[in-house]
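S.K.: Sharing a structure below in structure tokens format, with a few things to ask.
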Amino acid sequence: MLFGTNNQMHGTLFCFVWQIAMIILFGVFIRYDEESDTHWVETKAHDNITSDIENDFYFRYPSFQDVHVMIFVGFGFLMTFLKRYSFGAVGFNFLVASFGLQWALLMQGWFHSLDPQTGKIFIGVESLINADFCVAGCLIAYGAVLGKVSPVQLLVMTLFGVTLFAVEEYIILNLLHARDAGGSMVIHTFGGYYGLTISWVLYRPNLNQSKRMQGSVYHSDIFAMIGTLFLWMFWPSFNSAITDHGDGQHRAAINTYLCLASTVLTTVAISSLSQKTGKLDMVHIQNSTLAGGVALGTAAEFMISPYGALIVGFFCGIISTMGYIFISPFLEKTLKIQDTCGIHNLHAMPGVIGGIVGAITAAAASESVYGKLINTFDFTGDFKDRTVLTQGGYQAAGMCVSIVFGVVGGAIVGSILRLPIWGDPADENCFDDEVYWELPDEEEEHQESIPPILEYNNHMIHKQQDL
Amino acid sequence: MLFGTNNQMHGTLFCFVWQIAMIILFGVFIRYDEESDTHWVETKAHDNITSDIENDFYFRYPSFQDVHVMIFVGFGFLMTFLKRYSFGAVGFNFLVASFGLQWALLMQGWFHSLDPQTGKIFIGVESLINADFCVAGCLIAYGAVLGKVSPVQLLVMTLFGVTLFAVEEYIILNLLHARDAGGSMVIHTFGGYYGLTISWVLYRPNLNQSKRMQGSVYHSDIFAMIGTLFLWMFWPSFNSAITDHGDGQHRAAINTYLCLASTVLTTVAISSLSQKTGKLDMVHIQNSTLAGGVALGTAAEFMISPYGALIVGFFCGIISTMGYIFISPFLEKTLKIQDTCGIHNLHAMPGVIGGIVGAITAAAASESVYGKLINTFDFTGDFKDRTVLTQGGYQAAGMCVSIVFGVVGGAIVGSILRLPIWGDPADENCFDDEVYWELPDEEEEHQESIPPILEYNNHMIHKQQDL
Amino acid sequence: MLFGTNNQMHGTLFCFVWQIAMIILFGVFIRYDEESDTHWVETKAHDNITSDIENDFYFRYPSFQDVHVMIFVGFGFLMTFLKRYSFGAVGFNFLVASFGLQWALLMQGWFHSLDPQTGKIFIGVESLINADFCVAGCLIAYGAVLGKVSPVQLLVMTLFGVTLFAVEEYIILNLLHARDAGGSMVIHTFGGYYGLTISWVLYRPNLNQSKRMQGSVYHSDIFAMIGTLFLWMFWPSFNSAITDHGDGQHRAAINTYLCLASTVLTTVAISSLSQKTGKLDMVHIQNSTLAGGVALGTAAEFMISPYGALIVGFFCGIISTMGYIFISPFLEKTLKIQDTCGIHNLHAMPGVIGGIVGAITAAAASESVYGKLINTFDFTGDFKDRTVLTQGGYQAAGMCVSIVFGVVGGAIVGSILRLPIWGDPADENCFDDEVYWELPDEEEEHQESIPPILEYNNHMIHKQQDL
């Protein structure tokens, strides 16, 4: 239907119409919040704020930029591992994220921060972080279908994905009042099951026709490590970006830092064990090392304690690597779920673990450890009578909501994507940039790379033929 | 004359003499400002500052580091797209930027912040950002002549470029009192026309002799995407790095974030439309997606409103991509301007748009939206009687100044660079790292990469020859 | 013994046992400090802190993230230059750093911040930076033995390296009360000599058997530039990460920024001079450009003045590049030290220079320049009678300590690593990822890359054979 399928007008129209709709909706609904508005000087005076440095910008902007890098470089490059789908990995990731974050600002605004008096959504740096988070859910889902869908299918996936995200997030964070600052449930569990279910609906029985494209080459694996490392390094910023000012952000960063270090060791241990020769598998290093960050998404801001963070990382490295070794083949063979990037092992499972860890940690909270529980769990207003035990229950309920939204939403959206109008690639063209990208003509380079001896032989052959 | 042209003494001498001159001039003129001096403790007491966190370092250092990444990784890697000029792209970018930023600190210091009492220039983190900005103008110009000039020509270009930059910046920001925090005019318009004019003066009619080198290969395009993405992600920091503390930085970041997201969608739309097959062109994705950031350089700090930012991005994506499709070939054929990286589409045109957007936004400012206009436009001192309408006029005048400086300066510097003493590469050696770099010997690797069957054939041929 | 040597159980066990030990030790010793604990709200009240923004997190977290990038992407990618050891470079760097930072938190905690009352180590963002710093020393050492040791040897090197580091750091910073915020002595001198001595003990006379692997290819050199640039750009953060709040961090960043710019120019000058053709050598650009950052590690926080920083950079560029040209071959031939990455030129020598620069700058300090010397040199408590001259002496003594620890420690650890139990690669397998990694099967790609004409020839040959 668009981008490389001889009918580009539809694709172009889709982008134009959508972007114009965004402009109109932003014009109607979106305004600067009081900290990014020129009236900030009056706000400051009113709130007795003595310095510009107390603008939320300075609390959150460095974390925002780290998250931004994770979304565009992290997710984008993590998926470049395929030998001939790197353009699609990094390019469609770029397109989808830019598309999704605008819609996310609107959807999240309507659900979370629509001002009832003015009917406006007021945005600041925290809104940008939340929009990036929302998009992350869809990019996770992209990992499951990488190389098997058209860019327009990705846009549709993202359109619905962002919508579903905003609703489940509203239910989990606002109605259930669960805490999930780093999004174990809201982002990773939802995104993981959403992508897996879509991939299940779009099952391709003859995908082995493009088997020659389903591997990496040496340098594409290095490119993927750029993605891995930026995700890994900046994950402490991800989990602390929207936690409470002060000790909240501080603690979330420390916990995530520790958890991820622990994950690397157990990932390497299991990866080496998985091969008869004891060699390491790049797929595990690229992916499973990140599972700890996912699994600490909920509990990072809690007093899980440093050794608690290490324990979570310890098990996640094991489980995620085991997932690549045992569960992914099982999912593909038995459940007919083709999961290109193994998001089940990197996001879905660790996300569920994260939800459980969060529920347990919350339920085990005590005033002796936390001081006033109000500060961390925000037991105010409608929730002022909540105990940590019920909070633990609501956390668990939140996780179920995210799974349900992922699976049911994925099934519906998958069905829509099965309609034969989206220009998805044929089985033999999967994982091939050729379908959607003008590729550089590499023949000349290869000509040059022929060693002299072969050129000589060429010459000889021609001479022989002449004879 | 130097670097790879058998007369390296000149190049080495140039670097040494210049660096020693820098040391002497820094010794005479440059000092720490009061926020980076050990006397800060007294400054604090004097200014009633209660906390170290109000040191300007904490307001601007995260943005500075983002800008720094844009200069060295962003610009450097964006130009690695050529199949055999990646060393030159990233290496000369590194050299030129390191050379230029020292000279920029002096030039900008003399023009903007020379203390009349002491005759010293006092530098702090904002000076570093400004030096990086100044260098950016020259790196933009580098994009037009990429692969066609010698490193010593680049150094000369940068030497004059930084000098011209400091003067035009002084005229635009100080004399005309125009606002241009993200440098649509001062950086991008100037740098764009400076580079294009130099490229015009250095026109090579027989450049097609190096046609075989003028393309990308698959992995060089991925390297270029590293540059693209770091520029794209950190552009909000670029446009907000030196804006007012508090809401000023906050708003500039939000506007740029939104504008760039919108640009991606229209870039993709037009790129797909440009090919009969509807496929996407990596050149557009690598470059035009950034045009929105350029075009919001002036207005990012204004109350352009979120939907206004989206509109700017919308049109910039269209115009910049159209530029690659229609205007670049026209410039080359008709105007004899060979623009290797298409800086006309990425910097010059969007820069002019940015200047116009800035002028209009300023002229349309009102107290009802801005609160006290004094805060944003700094209508104090000599400029206390200015109205927004005259401000709009001065903004427009500023844009003209930047164009004039770019074109006239470029013509003069281009003429200097035409002197036959700079060791520029022959037409057939353009876009080839071989001229200036010791390249790794790759033959062996290719030997290894010969598939077994071919080696067998080799063997057979020799046997046949023996017969 | 593990990872690719058919006996993976040992390696896996090592990782598991170690990680479990970490969990137990963290459980016993490590707690959140008061700024990352939920009781921060009470701490604030007690200390009359008015805003969360004064939490140390906001002073140091942006610098921490930059340092984190240097450790994982900077060091990791800098070592990817070898044509077939990029997996090992970036992958083992990842493993070693994750392993080392946990041990570093414990070791540094016991030596520097064990609370005598509670017997606990309280950690915050500054602890994370210090752990990263500690790991940096071991990663420097990794550079000397890159490609010649097994991963388990690396882990052993890191285990002892971190231990030695914590002790020498305690002696230098606490007992001698030397200042070394950017670690010229503590990190670079120690790490450099530690690695060089180990490499000397592990001397391989027949290393030329793997000569075919000891070079770069075009794209591996570009990957290495990613490492170089992120190290170069973020070095101001490295040297300022743990300096005093306010002017201390501000000044350290400015000094490092200037010093590194100067280094680039003299590196290029000498590199061009070194080749008969005047061409540039990528090895110098990748490494020597960073020497200035190393050499300013001690003095960056002092009032060395901007031109002083330029002077340091000037000489470091020269010396480091000269080192690659003259000293490295001498070390290898005469002293039998095989230094894969040239850490002698990038870390050991510039580290010593940094120690000397620090000692001189400290000895030359005066109240007229520094205001109260107490603020910079912390002449309080046991050290309240110290003069700048004695401080200079103690700085020099500190440098000697770091050299002694590097050499003696390296000799001991090297001897341990010579035991024939660690599964190090055979001489002909050095610098080859094949030994420890499952590599992608690239044959197919090469098949594809055969130009049509050759395939035709193939065909012809077969036909001829048939004849």
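Going from the start of the chain as shown, residues are counted 1 onward.
Including glycine, each Cβ sits where the backbone N, Cα and C put it.
According to TrEMBL, the protein has these features:
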- B:12-32: transmembrane segment (TRANSMEM)
- B:56-435: domain 'Ammonium transporter AmtB-like' (DOMAIN)
- B:64-82: transmembrane segment (TRANSMEM)
- B:89-109: transmembrane segment (TRANSMEM)
- B:121-142: transmembrane segment (TRANSMEM)
- B:154-173: transmembrane segment (TRANSMEM)
- B:185-203: transmembrane segment (TRANSMEM)
- B:215-234: transmembrane segment (TRANSMEM)
- B:254-273: transmembrane segment (TRANSMEM)
- B:285-304: transmembrane segment (TRANSMEM)
- B:310-331: transmembrane segment (TRANSMEM)
- B:352-374: transmembrane segment (TRANSMEM)
- B:394-417: transmembrane segment (TRANSMEM)
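Where in this structure would I find these features, and how exposed are they?
M.R.: Cβ atoms under 8 Å from those of the transmembrane segment (B:12-32) belong to residues 2, 99, 102-103, 105-106, 109-110, 114, 118-124, 152, 155 of the same chain, restricted to positions at least 6 beyond its ends.
Per-residue pLDDT, averaged along the domain 'Ammonium transporter AmtB-like' (B:56-435), amounts to 95 for this model.
Only residues 6 or more beyond the boundaries of the transmembrane segment (B:64-82), in the same chain, are considered here, and those with a CB under 8 A from a CB of the stretch are 89-90, 93-94, 97, 125, 128-129, 132-133, 135-136, 139-140, 142-143, 146-147, 213-216, 220-221, 223-224, 226-228, 230-231, 234-235, 237-238, 241, 282-283, 286-287, 340-341, 431.
Non-local neighbours of the transmembrane segment (B:89-109) in the same chain are 18, 22, 25-26, 29-30, 71-72, 75-77, 79-82, 121, 123, 127-128, 130-132, 134-135, 138-139, 142, 146, 151, 154-155, 158-159, 161-163, 165-166, 169, 437; each lies 6+ residues outside the stretch with a CB under 8 Å from one of its CB atoms.
Outside the transmembrane segment (B:121-142), and at least 6 residues removed from its termini, the chain residues within Cβ reach (under 8 Å) are 29-36, 56-57, 60-61, 63-64, 67-68, 70-71, 75, 79, 92-93, 96-97, 100-102, 104-110, 112-115, 154, 157-158, 161-162, 165-166, 169, 183, 186-188, 190-192, 194-195, 198, 241-242, 343, 347, 410.
Long-range neighbours of the transmembrane segment (B:154-173) within the same chain, counting only residues 6 or more positions beyond its ends whose Cβ lies under 8 Å from a Cβ of the stretch, are 14, 18, 92, 95-96, 99-100, 103-104, 107-108, 110-112, 134-135, 137-138, 141-142, 145, 179-180, 185-187, 190-191, 194, 198, 398, 401-402, 405, 409, 412-413, 416-417, 422.
Among residues of the same chain six or more beyond the transmembrane segment (B:254-273), those with a C-beta under 8 A of the stretch's C-beta atoms are 182, 232, 235-236, 238-240, 279-281, 284-285, 288-293, 295-296, 299-301, 304, 306, 308-318, 320-322, 325.
A Cβ distance under 8 Å defines the sequence-distant neighbours of the transmembrane segment (B:352-374), meaning residues of its chain 6+ beyond its ends; these are 178-180, 182, 184-185, 188-189, 294-299, 302-304, 308, 312, 315-316, 319, 380, 388-389, 391-393, 395-396, 398-399, 402-403.
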S.K.: Short question: most Cβ pairs under 8 Å with the transmembrane segment (B:394-417), which of B:185-203, B:215-234, B:285-304?
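M.R.: Maximum Cβ contact count belongs to B:185-203.
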S.K.: To the transmembrane segment (B:310-331), which of B:185-203, B:215-234, B:285-304 is linked by the most Cβ pairs under 8 Å?
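M.R.: Maximum Cβ contact count belongs to B:285-304.
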